[in-house]
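Annotated compositional bias 'Low complexity' per TrEMBL: 1-15, in sequence order. As annotated by TrEMBL, domain 'ABC transmembrane type-2' applies to 47-270. The region 'Disordered' feature in TrEMBL is assigned to 1-21. Annotated transmembrane segment per TrEMBL: 48-67, 79-105, 126-151, 163-185, 197-216, 249-267, in sequence order.
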Amino acid sequence: MSTTHTASDTTHDTAPGGGATDGAAAVWRRVRALARAELTLLVRNRTALFTALLMPFFMVFLMRSSVGEMNLEDTGLSVAGLVMTSGIAMVLIFVVYTNLIPTYVARREELVLKRLRTGEVRDWEILAGTALPVVVLAVAQCALLVAAGAALLDMAPPERLDLLLAGVLAGVVLMVLTAAVTAVVTRTAESAQITALPLMLASFVGSGLFVPLEVMPDRLADVLRLLPMTPVVDLVRYGWFGGGGYDDVLRALLTAVVWVAASVFAVRRWFRWEPRR
């Protein structure tokens, strides 16, 4: 059974007089090298590339067809607003979460993670470098959705860009971490399609992607607001359309922070760096 080491377990050489600037530059250089290698593999993997580039937009189109007749009068959302904000969450799920699980598992089973840890690369740098290509792609697609909403659907620009960015940032971090957590219980890259389903389905059904929580009974909505993706969706909608009071925004932020902290703990405690036995 493999053990998990934290970044402090490894001693790294520092150039004389390097200071924090040289240290940050060295970290970025290592992360960028890992990201470049992962990007090359992503481009060669047609299935992963299709999932990353086309699946989110296909799901947005599918959702647009399914919610077209929904009564949203009491939610403060239009159909276009529901589709676009839910589309951002779908981008994070499909581009980051579902792509990273098989990637982490494949690198583990191929002993890539184990070999990387014998060098100067820190644990978090390995996870971050592996995730960087899909993270950049997801952020670009989120920006494209915001631009498309304003240009093609005549939607108003975001009322609070800070909350919108906070929602996207929280979603990116959470999807990277939960992908690493899910990889713990995933034996092969192929089985990632199965182990990813619980979070995906919970998000689709319970986090307001297809059905806004405002149309659900209050007690049920309060429970569903504790799901991992719900604060992300709430922050994105508060940022784009406003409407969230101080308590609503604070609740969403705190819920997101709790999920991120719990995921960090789980990764540090249980993430496997060597093949499962």
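Cβ coordinates come from backbone N, Cα and C, glycine included.
Those TrEMBL annotations? Automatic predictions, nothing curated.
Values in this document were obtained by computation on a predicted structure and should not be read as measured data.
As a quick check, the transmembrane segment (197-216) and the transmembrane segment (126-151) miss the bar of 3 or more Cβ pairs under 8 A, pairs 6 or more apart, so the two do not touch. Counting Cβ pairs under 8 Å to the transmembrane segment (126-151), the top-ranked stretch among 79-105, 163-185, 249-267 is 79-105. For the transmembrane segment (163-185), the list of distant contacts is 88-89, 92-93, 96-97, 100-101, 104-105, 108, 127-128, 131, 135, 138-139, 142, 146, 192, 195-196, 199, 228-229, 231-236, 238-240, 244, 249, 252-253, 256, 259-260, 263-264, 266-267, 270-272: same-chain residues at least six beyond its ends, Cβ to Cβ under 8 Å.
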